[in-house]
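Engineer: Before I ask anything, let me first share the structure, which is written out below as structure tokens.
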Amino acid sequence: MALLDIRNLRVEFRTAQGLFPAVDGIDLTVDEGELLGVVGESGSGKSVTMLALMGLLPWTANVTADRMEFAGRDMLSIPPRERRRLTGAEMAMIFQEPMSSLNPCFTVGFQLTEAIKVHQGGTRRQRRDQAAELLQQVGIPSAASRLSAFPHQLSGGMNQRVMIAMAIACNPKLLIADEPTTALDVTIQAQILDLLVQLQRERGMALILITHDMAVVAETARRVNVMYAGQQVETRPVDSLFDNPRHPYTAALLDALPERASGKTRLPTIPGVVPGIADRPGGCLFHPRCRFAQQRCKTNRPELESDRDGRVRCFFPLDRGEPTDWPEDAESRGSAA
Amino acid sequence: MFRFAITRIAVLLPTFIGVTVIAFSLIRLIPGDPVELLAGERGISAERHAKLMQEMGLDRPLHEQYLTFILDVFQGDLGKSIRTKTPVSEEFFALFPATVELSLCALLFAVAIGLPAGVLAGVRRGKVFDHSVMTVSLAGYSMPIFWWGLLLIILFSGTLGWTPVSGRISVMHFIEPITGFMLIDTLLQGNYAAFNSAVRHLILPAVVLGTIPLAVIARQTRSAMIEVLGEDYVRTARAKGLPPWRIVGLHALRNALIPVVTVIGLQVGLLFSGAILTETIFAWPGIGKWLVDSIHRRDYPSVQGGLLLVASTVMIVNLIVDLLYGLINPRIRHAR
């Protein structure tokens, strides 16, 4: 049985302009010890999905789902007290901005031991030893002396390591890393990613790695979930996704990788932005930015269909960069381009 | 931290000089002089007036008078009251505990109610409790002190008869001053009936004086709380599975307190100015009432000396708040 099983998750935000569906029918399964990559541009609902699972959304959010189970427990009807016992212990999360994610008024040691204290108890001495050991495990030099440091005395990379130490303190079954390297500089990014993957292997925990960087996914994940405007557009194993992307959006993301653009004078981009509350299109949500959009894409919304080794949400999924099942008549084709 | 303290203290010196100038000149801008008011309605002959002014040194040019004043100040001498002929500092410090007692109790009242109300309003943002707290605090903030004091006197002292109308303690009790703080002195002397009386006398003035600071503290706490609750580290605290009281009462409040402590420090100045009105309404024998009396009598040394001491107190309190601020906020403590 899957560790995490989410069916048809919807998250709507109450805004001044009405309900905005930030997450629009997401299915997500993660097995124990699996490393799942979730990619998509800013605003595609990646973080919101995870925050909904963790119960960290603000009160303006309305979360519904057909099923949301973690380790056999129903996360939709779970009482708050039960949920608190799980969050931080069995499922943990680290965030994008390490500098602001740690409380500036408390020492690193306090914040680390606090997580241990709430879920495991133990004596002050034990907690302190454990905290020092955790800092060492996440690669912080002279760990014991860093316990009394305040977050502002450490670098961003160090703070993110502290966040990771805090998240793994209680041996979670699932760790969610929400763009853990976005705010860090490039050399540190690789170190943090390596650390996450190493911890995931050593501890056999499941890891959901949220990112908008396809290159990061290629290096780490085994399965990839591509999201766009609150919907899943494609999910499949990382090798076949990179080898033969079927959704035009996935293909476009891959084309935008500098490594793959060799020989071209200009790096390909995807025109436009992810639709917001005011400009959410009818039909396929990606059609205004899709090179291959047809008349049908403007009027009908495609479902997430199983194909080969994954699932894709497209009427005319690509095969080796060419759309399949295109309509024969030139009229409905020509009007779209 | 030490350097931080030194720089804060150094800044106070020019402020202190400025205060001496203002205290010295303001009272002299008011028409009339001490001799005229000493003479009363019978009036005084011009020669005698001039002679008395000369005796007091008030006939000399202003800059000379100021120089004498400030030189004396730096030697710790604030001069003698024209009215009572006792040293100003002696009069001041005899009455000072009464004002401090009143102000402290008012501040205690303001913090004890304003802080929790602000925290809860911030947590329950947009709910009924939030709106009620904000409405009531706006009303409290807008209420003139003298009007609010009279209303309370009419209700609690007049109609209900629960509290005394004025004074610091019932005339039935005679308390030998030890610390000058009535609540402490009565307890030290084991006179619980007197203590009871002192508390009953204190309640209304403290509430009246504390109302505006309460409103300010509640509003500041609320907005600081709302801001802090949206911070990433509060989300982290929730992601750790901490109980709500710990998230709000520890992680959020500790950060929200930083601006609130500053505001509480600023209220001290407000308390002293408010004390002048409150003490007058409740006939509270403190600095405020004494200053008002001194102004009425153009008792120059008392007014300028009293103002100087009050201003110094406010400055010292603000200095303490600045240092406290460094204790609460580690980022300031470590900054050079």
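Even glycines carry a Cβ here, placed using N, Cα and C.
According to TrEMBL, the feature transmembrane segment maps to B:6-27, B:92-121, B:141-162, B:198-218, B:256-287, B:307-328. The annotation domain 'ABC transmembrane type-1' is assigned in TrEMBL to B:96-325.
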Engineer: Could you give the residue numbers and ranges of same-chain residues that sit at least 6 residues beyond the transmembrane segment (B:92-121) on either side and whose C-beta is under 8 angstroms from one of its C-beta atoms?
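Structural biologist: That would be 78, 129-130, 133-134, 137, 168, 177, 179-183, 202, 205-211, 213-222, 224-225, 248-249, 253, 256, 260, 264, 267-268, 271-272, 274-275, 278-279, 284-288, 290, 305-306, 309.
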Engineer: Give residue numbers and ranges for long-range contacts of the transmembrane segment (B:6-27): same chain, 6 or more residues beyond its ends, CB-CB under 8 A.
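Structural biologist: Sequence-distant neighbours of the transmembrane segment (B:6-27): 62, 65-66, 69-70, 73, 295, 298, 300, 303-305, 307-308, 311-312, 315, 319, 322-323.
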Engineer: What else in the chain is close to the transmembrane segment (B:141-162), if you only count residues 6 or more beyond its ends and a Cβ gap under 8 Å?
Structural biologist: 200, 204-205, 207-209, 211-212, 215-216, 219, 274, 277-278, 280-282
Engineer: With a Cβ cut-off under 8 Å, give me the same-chain residues at least six positions beyond the ends of the transmembrane segment (B:198-218) that come close to it.
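Structural biologist: Distal contacts: 101-103, 105-111, 113-115, 117-118, 121, 133, 137-138, 140-141, 143, 145, 148-149, 152-153, 156-157, 162-164, 167-170, 182-183, 186, 260, 263-264, 267, 270-271, 274-275, 278-279, 281-282, 284.
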